[in-house]
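Structure, as structure tokens:
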Amino acid sequence: MTQIEPIHIIGGGMAGSEAAWQAASMGVPVILHEMRPVRGTDAHKTDGLAEMVCSNSFRSDDHETNAVGLLHWEMRQAGGLIMEMGDRHSLPAGGALAVDRDLFSADVTARLEAHPLIEIDRGEVAGIPPADWSSVIVATGPLTSPALAESVRGLTGEDGLAFFDAIAPIVYFDSVDLSKAWFQSRYDKGETEEERTAYLNCPMDREQYEGFIDALLAAEKTEFKEWEGTPYFEACLPIEVMAERGRETLRWGPLKPVGLTNPHDPTVKAHAVVQLRRDNALGTLYNIVGFQTKMKYGAQAEVFKRIPGLEGARFARLGGIHRNTFLNSPKVLDGEMRLKAEPRLRFAGQVTGVEGYVESAAMGLLAGRLAAAERLGAPLASPPATTAIGALLNHITGGAEAATFQPMNVNFGLFPPLDLGIKGGRKRKRDRARAYSERAKQDWLGWLGKDAEAAA
Ligand SMILES: Cc1cc2nc3c(=O)[nH]c(=O)nc-3n(C[C@H](O)[C@H](O)[C@H](O)COP(=O)(O)OP(=O)(O)OC[C@H]3O[C@@H](n4cnc5c(N)ncnc54)[C@H](O)[C@@H]3O)c2cc1C
């Protein structure tokens with residue numbers, strides 16, 4: 001019998017652990033490289049595989065009307081190790097799946113160590129893997145070691161790998177002063193009245209704009225220690241970094257005043273306009289467009305309240321920038337998560353631009369199966385975009401805009417629409433979610449080659 005060459009998996013977190021389990025379960029040997037405890041990260045505290053670095057929740061377990069619950073279901077149907085261990089070590093948490101993180105990680109580690117086809121190598125892979133690793137899954141997560149990240153960047157180009165994700169502040173609608181702000185989309189764009197009035201606009205005259213720029217430049221910023229100097233995607237530069245590039249930069253960027261008329265003062269052209277975009281279906285929250293920032297929280301509230309209309313603003317969330325190494329996947333990965341520039345390297349987990357433990361494990365499950373099938377000489381087609389795993393894959397490898405790509409949780413907005421003639425209302429929303437879930441389950445079982453009765 002010819003020996004099957006191993007798949008090398010780099011990173012033994014949520015994605016790498018699941019990928020190793022899936023590939024080995026298909027009969028393909030795996031060498032799993034995990035750098036801890038030889039080298040640590042800023043968030044991990046143990047040397048266990050699949051360590052949950054912050055919360056201990058896999059979120060909703062409702063597989064009938066919740067997209068993350070549906071992801072749980074799909075992973076269970078595929079014999080996922082992360083879900084099996086999550087279920088085994090679950091804690092009471094209402095409709096959510098909370099997990100005893102220590103028992104969970106210890107059990108994942110023990111199962112992988114005990115598998116005859118899995119070898120665990122504790123050490124950092126500090127650069128592009130050697131040429132004789134002909135099938136590799138990179139699952140090194142949001143805190144990918146700097147040496148590996150730099151090498152990957154050498155392959156993807158400057159805008160192919162980001163080191164941060166950026167969040168703009170969110171304001172409560174009822175705290176915006178509508179005697180100053182007004183609803184209008186730029187150039188009144190949109191098919192419906194709702195689209196034509198999708199933004200709230202806050203006008204600035206020259207003096208207000210200049211004062212705002214001074215305040216931005218002077219505000220206290222969060223220190224980034226060793227990450228200082230690492231690059232951003234151009235599409236999500238912090239607002240103060242844009243201001244540092246020149247006092248007029250913002251007026252040509254997110255604060256450009258064109259295509260907007262202030263109904264409170266129609267004859268006066270604003271010097272600059274801050275736009276807020278609706279952030280939830282209820283219309284109770286608005287995010288300030290382009291205002292991702294690394295100003296300290298106190299400074300943010302002070303600076304943003306200088307914006308006319310936001311003097312009394314209450315913030316549901318302040319802006320922030322977090323360490324998160326992730327690929328511009330829509331640009332650099334093919335439809336099966338392989339790096340276009342070097343297809344022997346497949347990526348999985350949070351580094352592909354999904355967000356969360358469950359989403360990361362799901363991408364590991366898929367990468368493990370795709371790589372193993374390829375190794376066995378019988379490549380698999382990607383799962384349909386109507387499934388939760390397929391919808392995530394479709395989003396990161398093509399559905400999302402490369403220019404503004406930011407990490408994404410699973411949600412029904414990523415699924416191809418189903419025309420059910422259902423509109424509006426809470427109950428209707430649940431009916432719609434149920435229909436999406438039913439379609440997903442059927443299609444997922446089809447992809448797995450399982451029959452529905454056996455799976456029930
Ligand atoms: C501070 C912080 C808090 C978070 N909180 C939450 C939360 O509450 N809920 C949630 O759902 N998600 C949270 N996340 C996101 C979370 O990291 C992911 O959801 C999930 O852990 C990602 O899984 P992963 O397998 O892609 O990466 P990880 O689980 O991080 O696994 C990557 C592994 O790769 C290893 N590694 C890195 N570089 C190398 C290398 N060069 N060679 C060998 N090994 C390497 C690391 O040691 C690590 O074990 C948080 C992330 C951070 C950074």
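Cβ coordinates are placed from backbone N, Cα and C, and glycine is handled just like the others.
Feature annotation from TrEMBL assigns FAD binding site to G11, G12, G13, M14, A15, G16. For A15 (FAD binding site), applying a Cβ distance below 8 Å and a minimum sequence separation of six or more within one chain yields A139, G141, A348, G349, Q350, V351, S360, A361, M363, G364, A367.
Per TrEMBL, the feature domain 'MnmG N-terminal' maps to 7-376.
Close to M14 (FAD binding site) in the fold, though at least 6 residues off in sequence, lie A50, I82, G141, G349, Q350, Y357, V358, S360, A361, G364, each with a CB less than 8 Å from its CB. Per-residue pLDDT, averaged across the domain 'MnmG N-terminal' (7-376), gives 92. There are 31 other CB atoms within 10 A of the CB of G11 (FAD binding site), with all protein chains counted.
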